[in-house]
Amino acid sequence: MNQVDYLRISLIDRCNFRCQYCMPEGSELDYILKQQLLTDEELLTLVQEVFIPVGFRQFRLTGGEPLLRPRVVDLVGAIASLPQTQDLSMTTNGFLLAPIAQNLYDAGLRRINISLDSLDPHIFDQIIGSHGRSRWQQVWDGIQAAHRVGFDPLKLNVVVIPGVNDHEILDLAALTIDKQWHVRFIEFMPIGNGELFGDRGWVSSSQLRQQIRDRWGLTDAQVRGSGPADVFQIPGAKGTLGFISQMSECFCDRCNRMRLSADGWLRPCLLNETGQLDLKTSLRSGVSIHQLREQVRHLLAIKPEINYKGRDSGTTGAYSRTMSQIGG
């Protein structure tokens, strides 16, 4: 069994984008009230006194959009400064990144993933649900700022949506040739948006790899991180290409993570809502730290039984939360 030592922490469920695959435009979202969010103190208590003692050493900050969280730089610094923290990273849409990229780096953040689903501003704005002023340039500025500051690896996440951005695969892959950037193609996963995307299906990673192989060739490669991507490289390129194939190539048997939602629910599996723990309510009602640790230890022990091991389009309507509410 894989050691589960990686926790994805959603700092906030709100986002300044409304990406089609994450927060479908037709969906009704009930945002978490501020008083229902884990406070900074509660979050740090859980990290330091519950998660680290049971073996978690790697942490990724997500959202919603994590940069919308007040005092996010201070929170990064607090987690990064814990001696047991072996790796701290963040996934962001990049829109608010440029002005604070250096501050985040100075606080101890070293790895960052930025969503970039299109190089075409019009398509990009369509995907993110932008109405009015284009947001592409500000995201691109955030990527450039992260590059200048020295985040390494700097990963760009691309969710491949059939008929929307799948014609840009080669252009996006080419970003890795001259810069040490790492472009990761993610198979579209219909969670909480089955009605919107049910007829579109998804493009498999093997198809994407073949497109790139036919153009430049591909070799096996590696990049620092603990994610599920299969990593390749265009011969002679400075960066790498990752393929996350959660729909076509089940990787549940090598899952090493759990997810903590912004309102304190610990979720052992992205695709299975069984076994979630409401840590915030337990913490606020006076349950001892020892008891919380034991609950998490038990969840770790049964995680292999909970892991979702199928891929069936019939499950798309079975999720009570969208990607933005889960934390991706």
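Glycine is treated like the rest: Cβ placed from N, Cα and C.
Quantities reported herein were computed from a predicted structural model and do not represent experimental measurements.
Look at Swiss-Prot and you will find 1-229 tagged as domain 'Radical SAM core', backed by sequence analysis.
Under the DSSP three-state reduction, ARG60 (GTP binding site) is assigned to strand. Cβ contacts within 10 Å of ARG60 (GTP binding site), excluding its own Cβ and spanning all protein chains shown: 25. Residues or ranges marked as GTP binding site by Swiss-Prot on the basis of sequence analysis: ARG8, ARG60, THR91, LYS155, ARG257, MET258, ARG259.
CYS19 ([4Fe-4S] cluster 1 binding site) falls within neither a helix nor a strand when secondary structure is assigned with DSSP, and so counts as coil. If you draw a 10 Å sphere around the CB of CYS19 ([4Fe-4S] cluster 1 binding site), it holds 21 other CB atoms from the protein chains shown. The [4Fe-4S] cluster 1 binding site annotation in Swiss-Prot covers CYS15, CYS19, CYS22 and is backed by sequence analysis.
Mapped onto three states, the DSSP output places MET189 (S-adenosyl-L-methionine binding site) in coil. Residues or ranges marked as S-adenosyl-L-methionine binding site by Swiss-Prot on the basis of sequence analysis: TYR21, GLY64, SER115, MET189.
The [4Fe-4S] cluster 2 binding site annotation in Swiss-Prot covers CYS252, CYS255, CYS269 and rests on sequence analysis.
In this view, THR91 (GTP binding site) is surrounded by 22 other Cβ atoms within 10 Å of its Cβ, with every protein chain counted. When every Cα pair among ARG8, ARG60, THR91, LYS155, ARG257, MET258, ARG259 is compared, the largest distance found for this GTP site is 21 Å. For ARG259 (GTP binding site), other Cβ atoms within 10 Å of its Cβ number 21.
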